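Written below as structure tokens is the structure these notes are about.
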Amino acid sequence: MTDHKIIMLLLLGIYCIQATQFTQVNIDNGPIKGTLQYVEGRAIRVFKGIPFAEPPVNNLRWKAPVPYTKKWHNPLNTTEYKPKCPQYVAPGTVPEPRGISEDCLYTNVWAPVPEYHGETFPVMVWIHGGAFISGSPEDFGVGNFSILAVTKRIIIVAASYRVNAFGFFSSELLGKSQLEARGVYGLLDQRLGLKWVKNNIAAFGGKSKDITIYGQSAGGISVCLQAVTPLNDLPGEKLFTRVIGSSGYCDILPMTNNSADAGLVQKLNCTTKECLYALPWQNITNAVGPGFLSFQPTVGINKFLPDQPISLLADRTNPRSKNFVPDIYMQGFTANEGTFVLYNYFPQTYDNPNTPGFPTQQMADALSIASGNYSAEFYYNDLAPLYSTEYNSNVTYPGQGFISRVDDIMACNTRRNMIYWQQSKKTKAHSWYFDSAPDTHIYPSWTKVFHESDVFYVARRCDGLWCTNLTCQQDNLGKTMNIYWNSAIRAASLTPKNKMDNLRDVPVWPQYGKNEVVMHFTAVGENKGPQTSVLFSSIISADGDYQYLQRCKILDRVRAEYYNIPALDPETYLNACSK
């Protein structure tokens with residue numbers, strides 16, 4: 001090895017002990033020690049378990065996170081993941097090797113090794129999903145994004161945040177002192193994690209003014225909420241510049257988690273906040289159980305979400321608004337979003353053509369469970385009949401109508417969000433529709449493209465469970481998606497101009513506007529990337545006599561009446577504000 005390379009490694013803090021290569025950087029608190037790993041023959045620095053907040057235990061439970069300010073002089077070992085935040089674990093489940101603990105607010109960093117002195121990197125912060133009731137940064141294996149990190153020279157960061165009752169409990173028992181943070185502790189954890197990135201990422205070679213947030217499912221909702229919160233307009237609170245949201249959107253959220261809060265308090269037999277604070281976390285997770293969407297961010301009782309997200313989005317993207325908006329907003333969804341919900345909560349109708357399926361009332365009840373915020377009454381008269389067994393008598397599997405409805409929830413809400421984002425003069429808005437099915441041991445073939453499948457293509461790796469294999473054609477599609485993601489992260493543009501990507505290999509991805517054009521990601525044949533852009537209205541085929549956009553209009557009308565909010569007039573927005 002030449003002398004100058006040895007000096008470069010020493011400057012980067014890279015050294016070997018018994019075949020394990022370590023690397024060291026200095027953050028605000030002191031030096032930290034990570035490991036040097038290799039992905040596709042290229043080195044990447046990996047740091048796991050860096051504290052960014054005080055443990056939210058005892059009197060810090062159900063309060064805004066407190067920055068971790070302790071200093072140290074000897075290198076802190078950051079080579080292993082820390083425990084997951086408290087969440088329900090089903091009986092008989094294999095225990096987490098790293099455990100579960102309330103002391104869970106840590107972040108993880110994957111950083112390329114500089115190839116020349118002074119090389120710096122844009123940053124992508126991953127926010128995990130899990131319906132706000134479960135999950136952690138490494139569940140999907142965010143280290144899988146290491147291919148994106150080394151091939152596109154991007155730093156990947158992923159932090160934990162409180163979920164379930166610990167992240168979104170909003171009972172009045174907590175008292176008025178919690179009004180600033182009540183019901184959004186998990187979102188404030190995300191925000192403190194972003195502040196840590198802003199303040200420390202330069203130590204890893206990152207650009208503190210070049211940060212993109214990317215989330216899926218509850219993470220996709222989270223990145224939208226982070227983009228529309230009024231906290232962005234306070235001094236020192238511009239924490240990111242670009243947003244990528246997969247299978248998540250800004251919509252209506254509960255004013256409080258009344259039923260979940262009351263049920264939890266009753267099960268815990270607590271009538272005072274002192275009782276709630278004194279309980280072991282295991283008592284709380286056991287009382288919550290596996291409830292789907294039982295706890296969510298709340299609105300109107302905290303400073304993070306003083307109003308409904310969809311209203312905050314409409315105000316923020318008004319062309320006359322001077323408030324913060326991201327440089328670019330990318331938002332998309334998969335072809336079979338409802339697969340996950342059907343598989344987990346209605347397995348009797350999942351893969352059995354002989355079950356009775358979903359008559360109208362059962363469909364309304366099921367859709368209420370799936371959406372979290374809408375009651376069965378909301379769905380019964382206008383919406384459930386469009387997807388019930390009586391209406392869809394020609395389907396092979398009774399669950400197909402349910403999956404179609406959840407698909408529409410995702411598609412219609414994505415469309416509504418994009419109509420707002422495209423009117424902002426300062427934001428480049430782009431949307432995608434993902435329609436390529438990886439191999440999976442979990443879902444049968446008729447469910448095709450499941451919730452989260454697009455993330456595996458961006459990572460260009462499977463996790464071995466939900467996704468077991470990507471073909472060469474599918475990996476080529478992943479490479480194409482990487483070109484777009486890289487361009488958005490680097491330049492807030494989906495017209496790639498950097499040297500590492502070849503423009504001739506990818507089709508143009510227009511901004512969302514009057515024609516409502518989206519990118520259709522599908523693997524077709526060898527060496528093919530996405531198809532050319534398509535109109536939003538042509539994405540999903542017609543079900544019976546109802547065209548897709550007609551169903552969106554019905555959903556929007558019923559929604560406006562139910563919540564007493566203005567109905568969206570897409571034509572007005574698209575004609576007046578198109579780009």
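In case you wondered, yes, glycine gets a Cβ from its N, Cα and C as well.
Going by Swiss-Prot, these are the annotated features:
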SIGNAL    1-19  signal peptide
CARBOHYD  Asn77  N-linked glycosylation site
CARBOHYD  Asn144  N-linked glycosylation site
ACT_SITE  Ser217  active site, acyl-ester intermediate
CARBOHYD  Asn257  N-linked glycosylation site
CARBOHYD  Asn269  N-linked glycosylation site
CARBOHYD  Asn283  N-linked glycosylation site
ACT_SITE  Glu337  active site, charge relay system
CARBOHYD  Asn373  N-linked glycosylation site
CARBOHYD  Asn394  N-linked glycosylation site
ACT_SITE  His451  active site, charge relay system
CARBOHYD  Asn469  N-linked glycosylation site
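Features per Swiss-Prot, on structure.
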residue : record                               : CB count, 10 Å
Asn77   : N-linked glycosylation site          : 13
Asn144  : N-linked glycosylation site          : 20
Ser217  : active site, acyl-ester intermediate : 24
Asn269  : N-linked glycosylation site          : 10
Asn283  : N-linked glycosylation site          : 14
Glu337  : active site, charge relay system     : 27
His451  : active site, charge relay system     : 26
Asn469  : N-linked glycosylation site          : 12
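According to DSSP, Asn469 (N-linked glycosylation site) is assigned to a strand segment. For Asn469 (N-linked glycosylation site), the nearest of the active-site residues by C-alpha distance turns out to be His451; the candidates were Ser217, Glu337, His451. Among the active-site residues Ser217, Glu337, His451, the residue whose Cα lies closest in space to that of Asn77 (N-linked glycosylation site) is Ser217. Spacing of Asn283 (N-linked glycosylation site) relative to the residue listed as 'active site, acyl-ester intermediate' is 27 Å (Cα to Cα, whole number).
According to DSSP, Asn77 (N-linked glycosylation site) is assigned to a strand segment. For the pair His451 (active site, charge relay system) and Ser217 (active site, acyl-ester intermediate), the Cα-Cα distance reads 8 Å. Here the CA atom of Asn144 (N-linked glycosylation site) lies 22 Å from the CA atom of Glu337 (active site, charge relay system). Taking CA atoms as the reference points, Asn144 (N-linked glycosylation site) and Ser217 (active site, acyl-ester intermediate) are 18 Å apart.
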